[in-house]
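Remarks on the structure that follows.
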Amino acid sequence: HEVVQKYDFVVRATDNGFPSLSSEVSVTVLLTDMNDNPPVFNQLLYEAYVSELAPKGHFITCVQASDADISDFDKLEYSILSGNERMDFVMERNTGIIMLSSHRKQRMEPSYNLNVSVSDGVFTSTAQVHVKVLGANLHSPVFEQNVYEAELKENAPTGTRVIQVKATDADPGFFGYITYSFVNDVGNDQFSIDAKGQISTIEKFDREDPPNKDIVLTVSAQDSGGCVSYCTIQLTLLDENDNAPRFSATEYRASLKYDVAKGFLITQIQARDPDYGTNAKVTFSLYSEAHVPVADILEIDPDSGWMVTKGSFSHLRNSVLSFFVKAV
């Protein structure tokens, strides 16, 4: 029947008379179809994709089969044989349409391999349907802290680890992968951050040039779906005693009367140290290479730098004293 559905021919009847007479009749023989062929899927493997956020009843794919037996085409019935143990899918029996069922779970598997069948009532054929579930980016990364505080010594070598920030994303798989980066130029120019959120220096820092006491870094954590969150790092540069005091003048001059009284304020020596805190505290002292013992007649306040008379100058009338002040 699948090759020839009917036969058409002519039957002629002739008598034996003279002259011979005959007549003809057309005959049509219709072949009755029998169910002797199995149904065949159009594909042996179907690929489909569905979002994890797809609602119940969402269309997944449609499998189709054909049957060489004409009378069986309308009798084809489809079903899922295996791979749907969680009942996440439902298949329309007469159309081959696969949809998300009303029993679908909130969290779906990453993928499903469904073994589907089609039957004409006698013969059955099977095919595979591979359903890939596309995860949904439901969550943004969340830092463990909104603000981090850290300290860094000035002159620390390049590559010094400063602090490690950490963010997590509740999404599984692809959308849960986080990358870190700096938002501000200070971070990009002077620091590096790796895939684990470890921040390190890429240059040395001098607290005094330019004046750098506090550095603010802004770090972003972005997941693979584009959701972003931010945190701030407040970085304090710790001072090192890496600068010597600097006098406000290289030479100081003063004139005194030879009979000046003890405790007379002569002049104030000034020096500044660009370091910070105790490292910037300057202490003054006298020393001299002259034959006259300066320490016997002069003294300097170690904190203020004021120089005062200590002894008599009468024996030094019309003399010039040269000596040094040391600041440490």
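Glycine too: its Cβ is placed from the backbone N, Cα and C atoms.
Bear in mind that the values here come from a model prediction, so they are computed numbers and not experimental data.
Shown for the domain 'Cadherin' (2-41): DSSP residue counts in helix, strand and coil, namely 0 helix, 20 strand, 20 coil. According to TrEMBL, the domain 'Cadherin' annotation covers 2-41 (among others).
The domain 'Cadherin' feature in TrEMBL is assigned to 42-143 (among others).
The domain 'Cadherin' feature in TrEMBL is assigned to 144-247 (among others). Confidence annotation: the domain 'Cadherin' (144-247) carries a mean pLDDT of 91 in the model.
Positions annotated as domain 'Cadherin' by TrEMBL: 248-327 (among others).
In the domain 'Cadherin' (42-143), helix, strand and coil residues by DSSP number 6 helix, 48 strand, 48 coil. Note on the domain 'Cadherin' (248-327): DSSP counts are 10 helix, 21 strand, 49 coil.
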